[in-house]
Every structure is written in structure tokens, then in C-alpha cells.
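What follows is one structure encoded as C-alpha cells, with my remarks underneath.
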Amino acid sequence: MMNYESVVAFVGQWRCFQKLIFFLLCTSIVPNGLVSFNIVFVGDNPDHHCRIPEVNLTQEWLNATIPEKVVNGKLGRSKCSRYRLDVIRNLSDQGLVPGRDVNLTSLEQEGCLDGWTYSKETYQSTIVTEFDLVCSNQWKAPLTSTIYLLGLLVGALITGPLSDRFGRKPVFCALMAVQAFCIMLQVFSVSWTMFSIVSCITGIGHVGSYISCFVMGTEILTGKVRVLFSSLGISLSFAMGYMLLPLFAYFLRDWKSLLFAIFPAHFMSLFLWWFVPESPRWLLSQGRVAEADAILRKVARMNNVEAPEIIFDETTLTKEKTTTRVQHNVFDLVKTRHIRKITLIICLVWFTLRFGYYGLTLNTSQLHANPYISCFMSAAIEIPAYVFAWLALQYCRRRPVTILVFFTGSLALFLIQLVPEHLSGLAVALELMGKFTFTAGVCLLYVYGAEIYPTVLRSTATGTCGILSRVGSSVAPFLFSIGDSFEYLPYILLGTLTLATGVASFFLPETFGKQLPQSIEEMPKARSLKCPMKTKKDPPKVISESPL
């Protein structure tokens, strides 16, 4: 089989062309960070109560119209009910004083028949205030995020086949255009239903453009530059866009203005069509050797190097095309006992990581009294998490680091409920520690999973496990909505799931310092689920299996 990197080594690894591609592709990821979590501000729920129409009431009765209610041990005004206005009006006309002449708890209550009054202290408007997603419609707010995340799931499923069929470059630009168009269309939404449907399509464009950009970078760049791009470059670019989001939202307190400001960043990315070439690797896989040859000669001129007279040996290419390969599918992931164990554990790990990452991220508006500071802290903590993951992948064994990540995350989540109320800063630090561990875990698992599965199953395993991970992210918006009855219940549930996943990670095989498996026979086996410390009588027969 042709060694592509040795064939194209004449163009170099870090010259003019590679620097340009690295910078442009990383820049195109920054807008994705802006759009991924804009729902934190666009869909936030400001303080509200029932609207009181203009009626003839004394000031005492006007102030007492909204009943008080205890939620999570705190006394506040009811958000979804008021005392009956006709009863209040009669009592006010009689000159009675609430609390002195009338016991308010004995009065009959009614719903918000005249709508709601929303606080404008933090936001001028959100989709919650625009479409009244409160009280009986409160379930629609987290469902909006879920619908967007389901769009990510659909996008992840279709992007691979589309880019394999039509090419990396056209799919990347097309999905970036879809994302930009849908963001603008959301601004003109006339109903929650329309906003949610367009949000789903936005999610398809978002994840599709991200995946296409990732694939283009890993196929065009080579050597250490490719590793740097796929690990730190693309992740830090996303985090930079995420960090810019609260800055945009702070100055644009209206949800439509925020989306309108995000639109140009995606539109500008379309100009990459004229600067980024198609992947030569993909062109070769399609038999378009002449086009790949022309691109590499153009790269050589840009890098001021001389290209060989013949870049690709037609004999070798022909031999590659005619070589028969055994086709594998998703059923091979559960075909044998040891692969089935690994697949189940990897799926659990992916589900937990995505569930925790999106759950904590979408809760950032409640992290601090100022939601803009909350979002910035949540975004900023991702940078050290990515750096930690990169260093750990360079120097540390995979299984212990994975276990450490889950145990540290679960400990932080469990400790949050023990923090006294006057030490709110400590609670914030613990939640950020949880966000740090989930972010680092996602970055680690991309590499760890690729090292566990053999080449013939690697893509299938990544896609299949990715589906379950997207299921975890889709249910994450409802995680903190169950905290209305008990504030710390979401942290306890997430902490318990994280701890259980950490225990399951004990049984994953070790892959650090080992060759990537090519066939199923070379795939390392999972440790015994019966007794992980038990030593086997017979030595393992698979060469690549971990001795631990």
C-alpha cells in the first residue's frame, strides 16, 4: 500500500502552505464556538411573575396580588399564579388591608390569565419572553436545546457519507452556508415551533461543518502539524469562539440582535472556498489522480520547493484499487465477547462525558449571579482542560488518566451540596472542576477509542459510539430542570453516573506506547469483569494485549 506521507514529504510539514491552511481552518472553527451555546443567553429564563392589568387597586393590594412561595428553601414571588383579581378588587374597594384585615393564604388563586411581566435587569428579551416559555410551557425551553442537539446527531450521521461521496471541501462550505442561513432565519422566527425547527437544521450545519473541517485538516496536513491541529488547534479555536460569546451577549441584550451579530462570522467562512483546496487523499481515493497531482504541484510552488517529475506511481495506485478488502459493519462491534465488553464500556463513557459536558455547560447561566461572567468562566476552563488532555496523551497511560478524570469529576459534583451557602465561590469552583474533567475526558476519549479499535473497525466504532454520545447530550438540557424540587438532585445524579463510569473504566485495555491495531485479531482485550486483580494461569496469546 502506498505511504501517502512519504510520497508528499517533498512539500514539507510547516511551510507557507501548511501555515495558511492551519490558520484558515482554525479560524473557521471560531464561529462554531459562538453558535454552539448561544442558547445559554438566547433561551435563558429571566425572573417573571403574572402580569397585573391596570385595575383600581390600592398600593397595598397591588403589592400583595402575587402570592409568595418557597422554592428550595427560599421565599419568593410565585411565577405562575396570582390571587383572583375580582376578589382582590372587592376587598380593596371595601378598604381592607392585606395581612391585617385579610388572611392572604385563604384567598383563591388563578393562573396568569393576562400573561407575564419579565425582568429586564439582565436581558431585554429572550425566546422565553418572546414566546412565553414559562409555567405550563416551561418544558419547551429545555426542549429547544434538545432539538438543536438532535440536529447535531443527524449532522454527525450524514456528514461522513456526504463528504465521502461529494468531497470534503464542497460539504464543508455547503454546511457552513446552511448554518449561516439558518442563524439569520432564526431571527425572523414567528413562533417557538419555527425557531426550534430552524435550530435543528442549524445543528446539522454546525456539526457537519466542524467534522468536515476536522477531516480536511487531518488529511491535508501531515506529521506533527496534523497532530497539533487535531488535538490543540481545533479545540482551542472552538474555545476562543465560546469565550467571545458572553462578550457579544453582554453588549447585545436582545436575542435577535445577538443572533444577527453572530451571522457575519459564519458568512465570512464561505470565502475559504477560494483558499482551501480539496483533500488530495480523498481525490486519490476517488481515482482523481490528476487533480491531486495538480494540487500538490501548486503547494510545492507556494512552498518554493521543487516537485518530482512523477509524484504518484500509477502502478502502485492501480494495485491499491484492485486489492480486495473484507467489509466490516456495526455488528462486528458486538460479535465476540471481548469486543462486546469494550464497546459497552466505551458507549457508557461517551454517554456520560457528553451528558455531563452539555449539562454543566447549559447550566452556566445559574453558575454565577452574572450569567456573562458564568459563561466566560465555563468557556475559559476549557483551555487548560485541552492542554491537560494533550499533555496526558503525550506522556501518560490512558486507563489511569481516564479513571482519574471520572473520579475527580464525581468527587467535585458530590462536594457541591456540602458547601455552605456563604461559600458560593467554592461551589462555583467545584462545578468548574466538573466542567474541566468532562472537557478533558472528551478530548482524551477521541484518541483512546481510536487506539483501542483496529483500523478495520475504527471509523465504524467512532460513528456508532458517537450516536450514543449525542443521545446523552440530547437529554442533558433536562438535567438541571429536575432541580426545582431539590436543588442538588442534578449534581447527585450526574455524580453517581460519573462514578459508575469511572469504575467501568477499570476494565478498559491499556494502549499507551502500543502500535495501532490493524485487524480484529490484534485488538487488545478488556480486563476481566469478574475480578480485575486476578492473574490468569495462561499468558495472553494476543501480542498487542496489555499485560495489565
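Each position is counted from 1, following the chain as shown.
Each Cβ is built from the backbone N, Cα and C atoms, and glycine gets one as well.
Predicted, not measured: the structure shown is a model, and the values here were computed from it.
Per TrEMBL, the features are as follows:
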type	residues	note
TRANSMEM	20-41	transmembrane segment
DOMAIN	87-513	domain 'Major facilitator superfamily (MFS) profile'
TRANSMEM	141-159	transmembrane segment
TRANSMEM	171-188	transmembrane segment
TRANSMEM	194-215	transmembrane segment
TRANSMEM	227-252	transmembrane segment
TRANSMEM	258-276	transmembrane segment
TRANSMEM	342-359	transmembrane segment
TRANSMEM	371-393	transmembrane segment
TRANSMEM	400-419	transmembrane segment
TRANSMEM	488-508	transmembrane segment
Determine which recorded stretch among 20-41, 141-159, 171-188, 342-359, 488-508 has the most C-beta pairs below 8 angstroms with the transmembrane segment (227-252).
20-41
Cβ contacts the transmembrane segment (194-215)/the transmembrane segment (488-508), at least three under 8 Å, sequence gap 6 or more:
no
Which of 20-41, 141-159, 171-188, 342-359, 488-508 shares the most C-beta pairs under 8 angstroms with the transmembrane segment (258-276)?
171-188
Taking a Cβ cut-off under 8 Å, which residues six or more beyond the ends of the transmembrane segment (171-188) line up next to it in the same chain?
28, 35, 155, 159, 162-163, 195, 198-199, 201-202, 204-206, 208-209, 212-213, 216, 256, 259-260, 262-263, 266-267, 269-270, 272-273
Six or more residues beyond either end and a Cβ under 8 Å away: which residues meet both conditions relative to the transmembrane segment (20-41)?
123, 126, 144-145, 148, 176, 179, 183, 199, 202, 206, 209-210, 213, 216-217, 220-221, 225, 229, 233-234, 236-246, 248-249, 255, 258-259, 262, 265-266, 269, 272, 275-276, 302, 361-362, 364-365, 371, 375, 379
State the non-local partners of the transmembrane segment (141-159) in its own chain: residues 6+ outside its ends, Cβ under 8 Å from one of its Cβ atoms.
39, 43, 45, 127-128, 133, 171, 175, 192, 195-197, 199-208, 211-212, 358, 362, 463, 466-467, 470-471, 473-478, 481
